[in-house]
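*Asks:* Below is a structure I'd like to ask you about.
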Amino acid sequence: MDEFEDILEPRRNHFDIRFALKSRDSVPMYKYAKQQTRTQVKESVLASPRLKFTIDKISTEKGISRNDVEKEAEEILEDMAHSQSLTNLRTLAYIFPKLYKRLLRHLYVNRDGIEKLRSQVKDAPIILLPTHRSYQDFLVMTYVCFHYGLPLPFVATGQDFNNMKFINEVLRMCGAFYIRRSFGSDDLYWALFTEYVQTNVINGELPLEFFLEGTRSRTGKFLPPKLGLLSVALEPYFTGKVPDILIVPVSFTYDRILEEVLHAREMLGIPKPKESTSGLIKARTILQDSYGDIFVHVGDPISVREMAVPRIDRSVHNTLPRFLFNLSAAEQKFSAELAYTVQDYQLKHIYISVWVLCATLLAQKPQGYTLREFCRDVEWLKDLATNLGAKIAWPGEYSVQTLVTSHLKRHHTFVNLAHKNQVAVNAYEGSPQSQSPVEFSCLDEVMSLAVVPMGIAMYRNHLLCRLANVCILATSFCGSTEIKIHELFIRFWFLTRLFQTEFIFRPSVVETEFPATLKKLESCTFLQVSNTEKTVIVLSNGVKALQFLSKMIEPFLLGYWMVLQYLEQSPCKLENDNYSKTVAKNIQAHIAQKVIDGERKDFETLSLNLLNNALTSLVSMEVINKTKSDNGGSLTWKTEKIQETMNKLGVFIPGSEQNAGITKRGNSRGPQLSLTSKL
Amino acid sequence: MALDPMTVTFPQESVKVERQVTFIKVQRVFAGKLERRETAQGFRKEGSLIGRELRLRQEVLKWNGWGFRDSKFEFDGDGVGSFKGTRYLLSGMLPHLRGFAESIEGFRVEDKLPSQPEIPSESLPKPVTHDEFFREIHHSGISFSLDGQDRLFRAHGHTLQEIFTLRTGLFARIPDIVIWPGCHKDVVKIVEAADRHNVCIIPFGGKYQFGCGTSVTNGLECPKEETRMIVSLDMSQMNKVLWIDEKNMTAHIEAGIVGVDLEEKLAKYGLCTGHEPDSCEFSSLGGWIATRASGMKKNVYGNIEDMLVHVKMVTPKGVMEKNCQVPRMSTGPDVHHLILGSEGILGVITEVTLRVRPIPPCRTYGSVVFSNFDDGVNFMREVARQRCAPASIRLMDNAQFKFGASLRPPPSSMWASLVDSLKKFYLTRLKGYDLDQLAILTLLCEGTQEEVAAQEKRVYKIASQFGGLAGGEENGQRGYMLTFAIAYLRDLALDHHCIAESFETTVPWDRVHDLCRNVKERIRQECKAHGVKNEPYLTCRVTQLYDTGACIYFYFGFFYKGLPDPVHVYEAIESAAREEIIAHGGSLSHHHGVGKIRKKWMKSTISDTGYDTLRAVKNSLDPRNVFGSKNLL
């Protein structure tokens, strides 16, 4: 267990002004750091061979004068570059503790990780790679660095923030630099972005910080890593411009995420307000709420050199000038693997909040818990998760009841403790479940009812993505207590492929993950592997756990099932607009209609994220096809293949054989779900 | 077969007499400029006596270290450093040496590790002999020796691993016989006999074959698994300048001649080759060609391939040579380029025609101080771009600058030390230079007085654009002295539990700076990873510039006490350093060659196809692998 310390503690006892003005003389520095002002960086970017080459190319190809291209380059760069200023940061360092002290109980940081980082700052340029669950991540990271007297990072930020007047400049002065979300074929932008990031990395004065996931994860799960910026940031190592690069994975845990409701709505496709300063001011009411604890786990720095030396031949760059961006296939593969390694590390070092345990339980059983039962189950789940390797942020000094109650209170948006210590999920945000069954009449109604279950599911996903392998294995038993090991593997492999987009599996690791997961469950005495019989037997000890674990993943199975069902029932028509986004929307509407009709109650399957992931997975499993086109790619599918997959998936869905029969008869009635505890 | 070594013919005493005559003539030619010329020849104060020392080199040269026995660094009983011997300008007390040595982590003056005593002949491996071959050589009247010390002496070059073995152990395999051919014909006879009888030949240069580092590539090491008789073909008797053609500016020379001797002989005619590798006191003409050597003054005279007009190589399939002596020809791929860099695996080089040049009347030293290494590199790149480099131009990094400073003699007077501190004050206080950052550049200009003056003016002007300050002639001269001293320094290091070695590369201009920094960084990391407790000593200098890139020379040493197998640790680290060099666009070697220690990178360096081509040449010229040193391929 890592040792955490609360860095807000000293702020509660001392004047913030002293903190804001504290000396930064002893901040460690990369030993070959080159200190450049914003203007110098810009000048050297614009004067770089890369830019010269690109500007020449553009002006020749498009017949624009060099001057015009140069001018455009200068403007783009001006808009992109950060302008971190210590004066500005000190002002924020005065304001932020005041805010945090009000919003948070504790801000925990693992001191150990900080010290390791500090001792290696001098060795190589640093890249901080935090998980991304909230807007706050960037500010918290900078605050932590300021608190510990570490160099303050410059941070890749989406262009959308640059549209917020005033705030964009404040963030810029904190070290934000702005990049467009996509700029595929814009050569000039590519060159500027590459050169700008690399100049800063090579200078090594400030650590580069960005989010591998590319954007905030709204689902509580990890998003597949985006490799563009990572490749750009690593190239200076491959071309020998820096001796090494240190990658520092950082995991954030929030008891309560500021934007929880916003995220839930977004998943449902309820339009999100555009990032704007006025929007932010309106959202200030969130500042009156309480958000509990934040855990920041700073990981051990990973030396890119140590990882790369045995497998990467950098000499492939010797016969090309270094200003042409160029990564070998091996280097691209390496970058991807590094990204997965980092995410794996982040995942393993996320501290699961007690609230996440609560949400996991409530997702399976939204009502009917007495507080006593609930506390008992929370403890049971805590032990289960701990045994399975998850790290739980469980402060030992409080009783379970105190802990649980405080978390439930904090999350009054989603749950309530109103009646006689009954724990129950709210019907709408902030309003308790009414006794009479809710009637829904229109789509909007369904969607707003789905917000709370989405929110709960989002928190549950924090645990689910940590235990995904175990959950998939548990599901692979399909309720039987004895199973041939190879059959188990085939099912595990199928589900792993099916959920590759959902839980970022590297398909290459299935072979190693399967025995490891099996072993983990065996060591918990949940099951027994008989090597002679080549079977796996579920022990009495494990029945409850395995059932619980497979239930955790059930909503996803159902969601994927519904996707397939929709595709089966609506044969692919080429004249239709089959862009995957449109298809996902149609499926969502289809499901919503079933909810209105009272056929189904699983709100979670309304998540556009889930539906899109399902389509992506099916494409990569070649169940359906995607043709590439300019605006997203269009889907085509054949009924036979869909049915084939439905047969495979049906094994895992309770009562599906019956359903299969129904669908064959062309009946549109949905599966009779044996889920007792859906909303 | 037991043979009395004393029956072997000795080289004629007359050689010595001839040498002395030569020396007097040289003095006459260089009347008034004697001192300059001597400094040009590696700071040797006396005339060359190399010829006389030929056979019994054991008496004059160290058997287990670099150079002359009477020349070495030493700390006396009180720990005061000095350089013994009077052969070099650098000699006597060096009061700053100890401070420098002890700045290397772990180094303590009192903590000495002496070498093993000379290995008695009885303990050396018994020679493997081939009776018929031996009989043929015996009857031909060519000089040879089976004496153990003679054989041991030719069993190695100056690679760290070899010297370490000499100091602490024994080679598994040494040559079985030393043969001294006297002329081209002798060589033809020996090679024919060897091919007929399947005997292995390893050519051995005037002193130590293989150019400047004087084999720093394990090039002379006998392959352990070699079961045939191994001949060390000592070329040192083939040391005559056969003719000089002043009209065409060429000289025809036997390949066994040692650098300094060659220059002395040519000087009689007011000529020189201008080829001045750092090892020119000990390395031979044939060795230079066999390794593609590079001389300090290549900016004026070119590298060895540029001055080569004609060459004869005796191979088992006959003699390879051209039928004319012309400056250039278009007759398919140049066969000279098969001979250059062949590292003794294709044949033995016997006679060479070199281009010669008139000795320039004026030579000056100079130096420039830069506030940091990067500025110096940028300056050199600009000099290369403007093509105005003087004969030699070298940039030393901060660590090497400090080492150079440690070789200062004691201040001659109060006045001198005052001047020293004033200089320091000027640099650090007035100019804001950081003594831990600054780099020093040394210059050597040659030509007529006017040419030299113009050159200097132009170079100093560019230097000032890069913030360089003229650092004076004395610093420049000391810089070049350092080159000769550093080779001796390794023995001092070995005496004190330190391993030290040099390696070099060439790299395009845009990567010079990154390569220097990252290679040092990699070595530091590898040292840590291999359990070297103390910070290693690392330094580099840019020694040659070209239009498109530069040659970089690294020195690397570490205190190894406590490591169970320091040589292997060293090898692993050097290998990692080379990988880092290659990853940064550096070459496998600029002039040291490949030998055995860098063979593993040959294929990736020249592509599989290129490698197969060389292999085909080897198989065609030497199908029985007579030249079986196993270098290069």
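Each Cβ is built from the backbone N, Cα and C atoms, and glycine gets one as well.
Heads up, here are the entries from TrEMBL:
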- B:171-359: domain 'FAD-binding PCMH-type' (DOMAIN)
- B:203-215, B:291-294, B:343-349: FAD binding site (BINDING)
- B:R394: site 'Important for enzyme activity' (SITE)
- B:R490: substrate binding site (BINDING)
*Asks:* Do you know offhand how many angstrom separate B:R490 (substrate binding site) and B:G344 (FAD binding site) by C-alpha?
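*Replies:* About 27 Å separates the two Cα atoms.
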*Asks:* Which whole-number value in Å describes the distance between the Cα atoms of B:G347 (FAD binding site) and B:R394 (site 'Important for enzyme activity')?
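*Replies:* Cα-Cα, rounded: 35 Å.
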*Asks:* For B:R490 (substrate binding site), what is the secondary structure state per DSSP, taken as helix, strand or coil?
*Replies:* helix
*Asks:* Give me the Cα-Cα distance between B:R394 (site 'Important for enzyme activity') and B:A293 (FAD binding site), rounded to a whole Å.
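*Replies:* One finds 17 Å between the Cα atoms of these residues.
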*Asks:* Validating a neighbour-count step here. Other CB atoms within 10 A of the CB of the residue listed as 'substrate binding site': how many?
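*Replies:* The answer is 22 other Cβ atoms.
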*Asks:* Over the domain 'FAD-binding PCMH-type' (B:171-359), work out the mean pLDDT and round it to an integer.
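*Replies:* Mean pLDDT across the domain 'FAD-binding PCMH-type' (B:171-359) comes out at 90.
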*Asks:* If we count other C-beta atoms within 10 Å, could you say which of the binding-site residues B:P203, B:G344, B:G347 has the fewest?
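*Replies:* Each of the binding-site residues B:P203, B:G344, B:G347 was scored by Cβ atoms within 10 Å; lowest is B:G347.
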